[in-house]
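Handing you this structure, nothing more for now.
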């Protein structure tokens with residue numbers, strides 16, 4: 001969401017309907033602006049790769065230190081690819097859709113998970129670490145299964161057609177001109 005790119009750029013969505021920054025900037029200014037946007041995504045990718053994927057760490061970095069830069073580049077590129085994949089795969093969401101999804105689904109689910117973890121933490125005092133992890137994993141999988149079943153029950157169903165399809169009315173002038181029936 002920090003990148004301000006689709007589908008998370010809701011604050012810019014209204015102005016972009018009339019072309020957004022495309023109106024104010026053209027040519028070299030637009031090119032530099034767009035390059036800055038892409039560089040920002042690459043910087044965030046490198047930061048994510050450093051913080052969460054071990055950055056420059058990898059096999060044989062002790063013997064060949066230049067491999068560290070290579071590993072960081074590969075990890076940052078993979079995160080960048082993932083960011084762009086998400087950006088171009090999902091449509092932009094309206095603010096009411098995003099807020100409804102958050103308040104009606106994600107927040108109650110997060111509170112449920114918090115309660116379950118707190119209860120299991122109190123119940124599993126003195127249990128070995130592998131069993132503790134397996135119980136937490138099992139509870140998360142059980143909650144995920146329950147959420148999928150609930151969503152399946154409340155999923156939107158296709159509306160039932162009341163009547164059959166009818167052809168669109170055609171004006172007599174169009175029939176006389178020979179426009180109807182030609183392909």
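In case you wondered, yes, glycine gets a Cβ from its N, Cα and C as well.
Pulled the feature table from TrEMBL, pasting it below:
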type     : residues : note
TRANSMEM : 38-58    : transmembrane segment
TRANSMEM : 64-84    : transmembrane segment
TRANSMEM : 105-125  : transmembrane segment
TRANSMEM : 131-151  : transmembrane segment
Of the listed stretches 38-58, 64-84, 131-151, which one has the most C-beta pairs under 8 A with the transmembrane segment (105-125)?
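Going through each listed stretch, the top one turns out to be 131-151.
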Taking residues 6+ outside the transmembrane segment (38-58), which of them lie with a CB under 8 Å of any CB in it?
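Hits for the transmembrane segment (38-58): 2-3, 5, 67-69, 71-72, 75-80, 83-84.
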